[in-house]
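Undergrad: Got a structure for you, questions after.
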Amino acid sequence: MNESSNINDEKEVSAFSVSTVSLIQKRTGGWRYASLLLVNQGLATLAFFGVGVNLVLFLTRVLDQENAEAANNVSKWTGTVYMCSLIAAFLSDSYWGRYLTCAIFQIIFVVGLLLLSVSSFFLIKPNGCGDGDLPCMPVSSVCIVSFYLSIYLIAFGYGGHQPTLATFGADQFDEKNPTERNSKAAFFCYFYFALNVGSLFSNTILVYYEDTGKWTLGFLVSLGSAIMALLSFVLGTHRYRYVKPCGNPLPRVAQVFVAAAKKWKAVPSNPDRLYEIAGPESAIKGSRKILHSNEFEFLDKAATITEKDAGGRNDPWRLCTITQVEEAKCVLKMLPIWLCTIIYSVVFTQMASLFVEQGDAMNSNIGDFHLPAASMSAFDICSVLICTGIYCRILVPVAGKVSGNPKGLSELQRMGIGLIIGMLAMIAAGTTELQRLKHVIPGDKESSLSIFWQIPQYVLVGASEVFMYVGQLEFFNGQAPDGIKSFGSSLCMASISLGNYVSSMLVNMVMGITAKGNKPGWIPDDLNTGHMDRFYFLLAVLTAFDFVIYLFCAKWYTCISLEGTEKEIIEMEEQQVDDDVLRRV
């Protein structure tokens with residue numbers, strides 16, 4: 001009788017706990033507060049691109065730098081932006097947590113924009129200079145130092161804010177809840193959608209004002225947008241869902257390799273005999289347990305219990321848990337997929353460099369109006385916005401019915417499609433360049449071919465982004481263990497950073513090979529004497545080769561498996577059924 005009573009009491013406590021958790025979740029997180037983060041993303045992106053999209057022109061027109069020097073400085077700055085994401089991810093996962101990391105890096109971002117606005121006031125002398133016609137006066141070294149300090153504060157702030165915000169937004173949805181699990185997948189689509197809405201304003205309206213010499217006004221608008229972004233972020237402070245940091249992952253991963261090396265002669269035990277602490281809690285603070293996988297079996301030696309490990313206090317540098325070993329395995333498994341995304345980032349970076357140079361050598365006049373070549377990126381942004389809507393509203397439901405996957409297509413499938421579309425974009429760009437060369441006007445650097453021939457390549461790049469970058473965000477966030485979620489999101493931005501560096505390396509290599517003797521090379525200063533089309537086709541071939549390697553990596557990859565996930569989902573579904581019954585009653 002006492003045993004039966006105890007069992008009933010346990011069931012009542014369990015039911016009460018589930019209903020309490022359900023009630024807390026209804027009051028926090030979800031779309032209501034994730035929407036604040038999407039607003040924050042759009043406003044922060046507007047502020048960032050209000051500086052970045054025209055930075056090369058500011059350096060050449062206001063600071064009087066040469067084209068090559070300015071382009072090199074912008075490449076370094078852009079690379080810094082995305083490499084800073086790794087620093088923020090480490091701080092977020094290890095010590096500060098997502099919310100605090102986002103808040104601190106946004107404050108740094110605002111301070112950088114404030115300093116830039118003040119610096120530009122002293123750099124723009126006389127008033128209205130830097131419009132391409134009126135030259136600016138030489139400035140003091142103090143002003144130049146403050147300018148560089150400001151733009152690198154912006155790089156540090158925005159670079160640290162982006163991946164942490166994406167992960168924090170994903171935290172607002174509970175994976176154990178079937179409805180919220182689908183909402184989490186949709187969040188990454190809308191996250192990238194918000195990014196492009198913000199950049200659309202920067203690439204059209206702000207670009208126009210800055211191009212006419214109203215630089216300080218443009219920077220002040222960016223500052224105002226960043227402040228509003230910070231305020232929208234703070235609004236949800238008391239209703240966000242928070243995930244506690246799991247501690248520094250570097251020693252945990254190092255312990256696995258050291259422990260495996262110490263036991264290199266040992267034979268790995270069967271999975272059911274590997275070391276793991278008892279109970280539902282993981283040895284990694286705040287992380288769920290990860291089930292054993294068969295890849296990289298040599299690392300299982302770190303969790304194999306030997307005679308030296310039996311009895312006494314466990315040494316973490318000699319004996320690790322299965323979860324700890326699997327965390328290291330997850331990093332190793334994600335790396336090949338991540339490396340395959342770098343070539344795509346090389347394709348993506350052409351939109352801000354060679355596409356603009358190509359457009360600048362085409363007929364961009366519409367009557368008496370001259371269309372800036374850089375403004376053609378608006379077609380890429382519009383393509384992203386339209387394709388995101390088509391993907392979320394049409395493709396996902398249709399593909400979901402066909403495949404049985406509620407997400408429509410898996411993240412790896414989407415990334416593969418993104419690679420194919422990126423390759424098609426390079427073929428379109430090469431074809432446009434062939435046509436441009438056929439319409440070259442003798443004695444003139446411009447071609448009579450309309451700049452609107454570039455629309456297909458911009459549209460294709462935009463469509464590829466929806467599949468590749470949204471797929472990357474969802475894949476790396478979903479496959480990263482709980483202790484390194486922000487690191488997973490930062491891999492996407494790190495790919496863009498390395499894409500910039502690899503693109504620069506490829507251009508230098510191609511010019512070093514093709515510009516020997518009296519030959520102008522494929523990408524000379526006068527594009528009419530070169531063959532930029534061949535460079536585009538080279539990128540298409542490299543992307544195709546990369547796609548083949550990606551197929552092998554994607555086929556080899558096995559997804560992370562967390563302990564109790566399926567059971568928790570079933571319990572949550574049963575709880576939802578009970579809630580529905582209670583509402584009807």
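For all residues, glycine too, the Cβ spot is worked out from N, Cα and C.
Bear in mind that TrEMBL entries carry predicted annotations, made automatically and left uncurated.
Per TrEMBL, the features are:
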type: TRANSMEM; residues: 36-59; note: transmembrane segment
type: TRANSMEM; residues: 79-96; note: transmembrane segment
type: TRANSMEM; residues: 103-124; note: transmembrane segment
type: TRANSMEM; residues: 139-158; note: transmembrane segment
type: TRANSMEM; residues: 185-209; note: transmembrane segment
type: TRANSMEM; residues: 215-235; note: transmembrane segment
type: TRANSMEM; residues: 335-356; note: transmembrane segment
type: TRANSMEM; residues: 376-400; note: transmembrane segment
type: TRANSMEM; residues: 412-431; note: transmembrane segment
type: TRANSMEM; residues: 451-470; note: transmembrane segment
type: TRANSMEM; residues: 491-515; note: transmembrane segment
type: TRANSMEM; residues: 535-553; note: transmembrane segment
Undergrad: With CB pairs under 8 Å as the measure, which of the listed stretches 36-59, 139-158, 215-235, 335-356, 491-515 comes out on top against the transmembrane segment (451-470)?
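TA: Going through each listed stretch, the top one turns out to be 335-356.
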Undergrad: Short question: most Cβ pairs under 8 Å with the transmembrane segment (215-235), which of 36-59, 139-158, 376-400?
TA: 36-59
Undergrad: Any contact between the transmembrane segment (491-515) and the transmembrane segment (535-553)? By contact I mean 3+ C-beta pairs closer than 8 Å, pairs at least 6 apart along the chain.
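TA: Yes, since the transmembrane segment (491-515) and the transmembrane segment (535-553) share at least 3 Cβ pairs closer than 8 Å, they count as touching.
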Undergrad: Under 8 angstroms, Cβ to Cβ: which one of 103-124, 139-158, 535-553 has the largest number of such pairs with the transmembrane segment (79-96)?
TA: 139-158
Undergrad: Are there residues at least six beyond either end of the transmembrane segment (185-209) with Cβ under 8 Å to its Cβ atoms? List them, or say none.
TA: 34, 38-39, 41-50, 53-54, 166, 169-170, 172-173, 217-218, 221-222, 225, 372, 374-375, 377-378, 381-382, 384-385, 388-389, 391-392, 406-407, 465-466, 469-470, 473-474, 477
Undergrad: Could you check whether the transmembrane segment (535-553) and the transmembrane segment (139-158) come into contact, where contact means at least 3 Cβ pairs under 8 Å with the two residues of each pair 6 or more apart in sequence?
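TA: No, the stretches stay apart by this measure.
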Undergrad: With an 8 Å cut-off on Cβ pairs and a sequence gap of 6 or more, do the transmembrane segment (139-158) and the transmembrane segment (376-400) reach 3 or more such pairs?
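TA: Counting Cβ pairs under 8 Å, fewer than 3, so no.
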Undergrad: Among 36-59, 335-356, 376-400, which stretch has the most Cβ pairs under 8 Å to the transmembrane segment (412-431)?
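TA: By the under-8 Å Cβ criterion, the transmembrane segment (412-431) pairs most with 335-356.
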